Ligand code: CTP
Ligand code: MG
């Protein structure tokens with residue numbers, strides 16, 4: 001199978017949580033509206049309980065479907081997401097890690113004095129990639145190192161900002177997102 005397709009396939013459980021958070025987010029913010037000692041919000045209204053939980057669950061759910069496709073159709077040459085307990089570790093790592101990376105980035109954006117929704121080039125595009133890789137490496141190191149080869153990592157780093165920008169423009173056009181980034 002084409003390595004570009006494999007890279008996107010492996011990252012889908014990390015990509016989709018963001019989109020589901022945008023579609024289903026809202027309500028009580030993760031920081032309960034509280035401020036940091038610097039007087040600014042800890043995370044801001046853009047990080048909510050509903051968005052985070054819906055996003056992480058969607059990533060795991062989609063991952064289970066992708067894994068069953070890869071396992072039942074080995075002729076397609078698509079990688080699976082691990083077996084048994086490892087499967088859950090991998091999918092939690094990819095999806096919750098993606099949400100966590102985005103949340104940590106918002107914490108630093110607020111510390112830099114940036115309002116909710118302000119854009120921070122490359123951080124906005126790759127924070128969730130870093131989060132998903134770190135958590136998956138911690139929870140399922142064998143699977144991560146076997147699947148994320150140097151080539152796949154390079155492809156993800158190049159392709160993700162393009163896909164991220166394209167989906168956010170669509171999200172903005174269909175009025176699901178407040179900014180086109
Ligand atoms: N969202 C959410 N919970 C999350 C992540 C995102 O509810 N953990 C929803 C929010 O409605 C948010 C939207 O998805 O406004 C877009 O996400 P994002 O661009 O990450 O947030 P921003 O509003 O741009 O805020 P920030 O500046 O903190 O990135
Ligand atoms: Mg944003």
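Positions of Cβ are set from backbone N, Cα and C atoms, glycine also.
What TrEMBL annotates here:
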TRANSMEM  6-27  transmembrane segment
TRANSMEM  48-67  transmembrane segment
TRANSMEM  87-108  transmembrane segment
TRANSMEM  120-140  transmembrane segment
TRANSMEM  152-172  transmembrane segment
With the transmembrane segment (87-108) as the reference, find which of 6-27, 48-67, 120-140, 152-172 contributes the most Cβ pairs under 8 Å. 120-140
Do the transmembrane segment (152-172) and the transmembrane segment (48-67) share at least 3 Cβ pairs closer than 8 Å, excluding pairs fewer than 6 residues apart in sequence? no
Please report, as numbers and ranges, the same-chain residues at least 6 past the borders of the transmembrane segment (48-67) whose CB is under 8 Å from any CB of it. 9, 12-14, 16-22, 24-30, 78, 80-82, 87-88, 90-92, 94-96, 98-99, 103
